[in-house]
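For reference, the structure is listed below as structure tokens.
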Amino acid sequence: MRHKRIMLDVLKGEAVSPPPLWMMRQAGRYLPEYRETRKRAGSFLDLCYNPDLAVEVTLQPIERFGFDASILFSDILVVPNALGRDVRFEEGRGPLLTPITAAEILALESETFHVNLEPVYETVRRLRAKLPGETTLIGFCGAPWTVATYMIAGHGTPDQAPARLFAYREPEAFARLLKVLADHSAAYLIRQIEAGADVVQIFDSWSGVLDDVSFEAFCVEPVAQIVRQVKAVYPDVPVIGFPKGAGERYRDYRQKTGITGLGLDWTVPLGLAKQLQAGGAVQGNLDPLRLVAGGKALADGVDSILKALGDGPLIFNLGHGITPETPVAHVEAMVKLVRNR
Ligand code: CP3
């Protein structure tokens, strides 16, 4: 017998106990089987564009831990790559892009966008066919602001100073970049849903570095645009937003953007999280370093989240991606703690 996809029930606002569980970056370097596949793939982007191998690594954490949701294996930077920008990943250095100029933004080329992303859509189709019926398949993209920060700086930075400065100095080019990214990201999510994604998540990992005016214009507005475009085609597909570091701005983010589920980073106070649950499902928010440490630090973290949020619509997750040094045994322990509630 096939069980229900409990994550979809929670996204409709139901409380399910024990809550559905998955981890951001659940396919990754903390898993020995991922590191093995990774060696066969060539570059990291080769892995993202190889449906055989991308399916294999997507399924690894499902086979090992039986998570309730599977997230497509890809990266947020395939979108600028499909728009013709050079993207590379170097061991230990993270992503490297050729920084985009204002003139290049005006010339961003998109004719082959979906053709370039076809391997990703193929991965989603194969995943939907292979996953257990009860496992929810999550597609995703980066939010325009977060993707733009990498396109402008060319690499990760601690405070996104290059992108903030660019936005202030070149407001027109920057607005066009956000618009191009929002339109293409929406089209990208729509194709992922067509291919079989049940839910989509929009990662705004860098929304915490902006002032009030910029947060509205660079984070809220472009994400609202994406949600409107996706909902125009698929009104019933839930969208999870993850505005990492949004702090006080978490309060009205759901209502302003139109997202269904709200992804919480680990700094969101559980009292606030409880209030946010009144508006719908929340997802999170264990500090990934509690999972690295294990033991009492892990047990206390899981316990406090379940106590505060377990009676409302909750998707248990980390408050950001799992880190490579996390012991697999600690992930097993977390699964037991959540499921044996
Ligand atoms: O969650 C999953 O399991 C799905 C796959 C996934 C990856 N990246 C795989 C990946 C997802 C959802 C992402 C999203 C992503 N990528 C974000 C948003 C979420 C977040 O973590 O804030 C961002 C900002 C990126 C950009 C990116 N990709 C960075 C900064 C890095 C380098 C940091 C690192 O961990 O190495 C990547 C590389 C990356 N993306 C890896 C994986 C598994 C590691 C590369 C490798 O295996 O060689």
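From the backbone N, Cα and C atoms, a Cβ is placed for every residue, glycine too.
On a predicted model such as this, the values are computed, not experimentally measured, just so you know.
Take the substrate site that TrEMBL assigns to R25, Q26, A27, G28, R29, D75, Y150, H320: the candidate from S205, S207, S214 listed for it is S205. In this record, substrate is bound by R25, Q26, A27, G28, R29, D75, Y150, S205, H320; the longest C-alpha to C-alpha distance in that set is 22 Å. In this structure the alpha carbons, written CA, of A27 (substrate binding site) and D75 (site 'Transition state stabilizer') are 11 Å apart. Taking the C-alpha positions, the distance from R25 (substrate binding site) to D75 (site 'Transition state stabilizer') comes to 10 Å. Between the C-alpha atoms of Y150 (substrate binding site) and D75 (site 'Transition state stabilizer'), the distance comes to 12 Å. Computed over the domain 'Uroporphyrinogen decarboxylase (URO-D)' (138-154), the whole-number mean pLDDT of the model equals 98.
Note: the domain 'Uroporphyrinogen decarboxylase (URO-D)' (20-29) comprises 0 helix, 1 strand, 9 coil (DSSP; helix = H, G, I, strand = E, B).
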